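Asker: Supplied in structure tokens, the structure appears directly below.
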Amino acid sequence: MLSNKDPLSLMAMWGSVKGYDPNQGASFEGPEKRLEVIMRIIDETHSEGLHALGDEVWKGVVGSLNAQIVSKESNEYIRSYVLTESSLFVMRDRIILITCGTTTLLNAVPFVLDAVSDVRGEVEWVSFMHKNYSFPWEQKGPHLSMAEEFNTLRTYFPSGKPFIFGPVDSDHYFLFVYDDVIRPCETENDTQLSMTMYGLDRTQTKHWFSDRFISTGTETAAIRKATKLDKVADDSWKLHDLQFEPCGYSINTIRGAEYQTIHITPEDHCSFASYETNTPAVNYSERINTVLGVFAPIRFSVIVFIDPDSDVGRLYQKGQNVGVEAEYYPKYELQNRTVNEFAPGYVVMKMNYARRAEVTEKDSTDSVEE
């Protein structure tokens, strides 16, 4: 039984790691914080938008939250950076920062706003989001609580609103949204699919341990093939990845204006993987099942952001499935579902799934037989 004399166990009730053991040793915070700032381009805005800014600007942004840039890939639409803690994507009109561990992502907000100001843009949309932390007591200010995060964000965006998606004592997301989109406006057709996965298949996680850092090349290609990550990031994508020492793995991929990013924490007691993409789809189930095929998690959460003019948004408005519904995942049981509409047609859907008991039992038997 939990006691008030055991504060970490009490805090763990709100965390995302099940069965917290205070004697388990060092753990890494896999679930990421995510900040997206979208810029309204006006007549005075630099013709290249945020691409007019050099790498030194982004090094400063990343440094402000206690991370570093490790590698970069780019095309006409996206500059992609793999960080020591996750990823940064810079597009002409937006910045997406995704950071794990105990990084202080909100410390980067004034630096991001300076970047928007430097190219004479206007802030149109801001979202800050994170899955509930696995080890919330390890976080640093301003991330010690949702209240502190909200208070920090409200300093910069007074009209922004906070939301919680999912049960507070289990898998949930904190989301803050500042919306200054002038409607009616041009077509809104953005999409975002994000997945967080826990209790990864141990036959897979063994591949993400190493006695040294390994950058993009033949060795990381072999890791992708052995783990079937090459099914997610096939040859149509330009990619850069990093195998960490002693463990962990990150990959960014870009294709035109589309991106994917995957981050993996393989330790048994806190195994975790995340996946995110903005790739358009009429149904997300094929992509989600491909990712699940790599990690075979015990449980996962999926959250999708759907604009009204996107392919999937038009289907949703007609009452059709978008691929996050339970019928597409027979090995898993739907735990709960949360839906919110921020603006006309702009929908967020969040689902929690757990592997069915009979599937878990079969997997355990198969492992023993092997």
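Glycine is treated like the rest: Cβ placed from N, Cα and C.
Features from Swiss-Prot:
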type	residues	note
ACT_SITE	Glu29	active site
ACT_SITE	Glu32	active site
ACT_SITE	Ser86	active site, schiff-base intermediate with substrate
ACT_SITE	Cys100	active site, proton donor
ACT_SITE	Ser250	active site, proton acceptor
ACT_SITE	His263	active site, proton acceptor
BINDING	Phe28, Glu85, Glu267	substrate binding site
MOD_RES	Ser86	pyruvic acid (Ser)
Asker: From the Cα of Ser250 (active site, proton acceptor) across to the Cα of His263 (active site, proton acceptor), what is the distance in angstrom?
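Answerer: Ser250 (active site, proton acceptor) has its Cα 5 Å from the Cα of His263 (active site, proton acceptor).
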Asker: Measure from the Cα of Ser250 (active site, proton acceptor) to the Cα of every one of the recorded positions Glu32, Glu85, Ser86, Glu267, then give the nearest.
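Answerer: Going through Glu32, Glu85, Ser86, Glu267 one by one, the Cα closest to that of Ser250 (active site, proton acceptor) is Ser86.
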Asker: For His263 (active site, proton acceptor), just give me the three-state DSSP call.
Answerer: strand
Asker: Rounded to an integer, what is the Cα-Cα distance in Å between Glu85 (substrate binding site) and Glu32 (active site)?
Answerer: 9
Asker: Through the lens of DSSP with three states only, how would you label Glu32 (active site)?
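Answerer: SS state of Glu32 (active site) = coil.
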Asker: Which residue, out of the recorded positions Glu32, Glu85, Glu267, shows the minimum number of other Cβ atoms inside 10 Å of its Cβ in this structure?
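Answerer: If we count Cβ atoms within 10 Å for the recorded positions Glu32, Glu85, Glu267, the smallest count is at Glu267.
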Asker: Between Glu32 (active site) and the residue listed as 'active site, proton donor', find the distance joining the two CA atoms and give it rounded to the nearest Å.
Answerer: 4
Asker: Among all protein chains shown, how many Cβ atoms are found within 10 Å of the Cβ of the residue listed as 'active site, proton donor', not counting that one?
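Answerer: So the number of other Cβ atoms within 10 Å of the residue listed as 'active site, proton donor' is 25.
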